[in-house]
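Features of the protein shown, as given by TrEMBL:
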- 34-57: transmembrane segment (TRANSMEM)
- 69-88: transmembrane segment (TRANSMEM)
- 114-133: transmembrane segment (TRANSMEM)
- 145-167: transmembrane segment (TRANSMEM)
- 198-221: transmembrane segment (TRANSMEM)
- 241-261: transmembrane segment (TRANSMEM)
- 273-292: transmembrane segment (TRANSMEM)
- 308-328: region 'Disordered' (REGION)
- 364-402: region 'Disordered' (REGION)
Amino acid sequence: MSMNTPIVKQINRVSKRDLGELIYLYLHTTPRDLTFSSALAAAIEDVVLGSVLLQITRYLPSFWRSDPIWALCGIVFGMMVCLGQFAMNLWQTHRLIDKAATALTEVVVADVKANMGVLTVIGLMNAVAAGYFAQRAWNMAGKKVWLACPLILGIFSSLGLSFGVAIKGLLLPSLAGEPSNARLMQYKDWLDTDNRLVVIWTAISLVKDILVCGLMTIMLLKSKDEIQQRERTLFRLLLRLTYETMFGPVAINVINLAVVVDQGATFAGYSRIVSWVLGPIYFSSILQSLNYRKDVQQILQVQPQRRQSHGMSSILKRSTEREPSPIPLSSIDLGHKGVLDRRQLRKSEEGCGSDKEVRLHYVTGHGSPRSNMATTADLEMRERSPSPDVSIVLGGEKGRRG
């Protein structure tokens, strides 16, 4: 750094001035602005966390029986991390309100280290959200290997850089003792390096989020005709889902990049308003996407399968439960090899007066069992060309046509 810069001249003139005033000079802020921005950031973070809690109360009752245990534990752990960050931010705000104007040097080191913890949370949430949406986009694109490489590179480079910035932030030089030119120049160099790393990391995260969002949009547009053949409202729902879940993180990242570049200081002033809510917003986007599955299920009129349990209690429960009820004829998909013998069906109807239970079994191929409906004409056509893939159970006896 040149020895004729305004910052160096200021250091040479006021080397004995209170160190807190010089730190505010570097951060381009004032005690009032820093305290107000911290309080405002905590208030906005509280609102975002309230929205996240509402989404969790919708997610758990709907999917706790069907989603895997690791997913449920991940959601609970993510919520605990967000609440832990919020508690830490409240602690930072309380200390700044108490000492920002009179004894900044007593709280600035702890404040910087706490902000590096926030940065670590942002990096983790960003990686998890990007991995979740990238995996969906990759599946929609046909699991092409060449497409997976830039997605994986972007996710891990962003995660690694966030850890690097946090580690660099924890190496904050000591601010104890009398201010000296060497100590102040060391602090200035640390601040400039950390700011540049934050700008680079934010830019990489932004490009990655835009890439994933754009890829999902392209894949949806390519599958538009196929999806609309199944359900007209499903395509609009999926397209809306893509932008509602991805637009928030992308927009906040754009604002974060602009604020950090403009202010030139990490988590100073109004930049912490954006930074403190970025992690919970990433987590909220994941929850919103998971909850949208309920709307998709309602459109397709399907019920989520319950998670299979292999414990002794489930075995005893299955041994005492009755067999499932007969499959309604209207739900049988003849387009997927479901065949019924009309004569045996008539025979079973005549025997309904007995106490034997009638159960119809059919074999299905790949695809949805709701795409076609069986009609009387279909049954008559199938009667002339019997298939060996059907068995009809009358009571406890089972016979196979061949």
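Cβ atoms are placed via backbone N, Cα and C, with glycine included.
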Stretch contact, the transmembrane segment (198-221) with the transmembrane segment (145-167), Cβ-Cβ under 8 Å, 3+ pairs: yes
Range from 114-133, 145-167, 273-292 with the greatest count of C-beta pairs under 8 A to the transmembrane segment (34-57): 273-292
Non-local residues, at least 6 beyond the ends, that sit with Cβ under 8 Å of the transmembrane segment (145-167): 116-117, 119-120, 122-124, 126-127, 130-131, 134, 137-138, 194, 197-198, 200-201, 204-205, 207-208, 211-212, 215
Beyond the flanks of the transmembrane segment (273-292) by 6 or more, those residues with Cβ under 8 Å of it: 37, 40-42, 44-45, 48-49, 51-52, 55-56, 58-59, 62-63, 67, 75, 78-79, 81-82, 85, 89, 115, 118-119, 121-122, 124-126, 128-129, 132-133, 237, 241, 244-246, 248-249, 252-253, 255-256, 259, 267
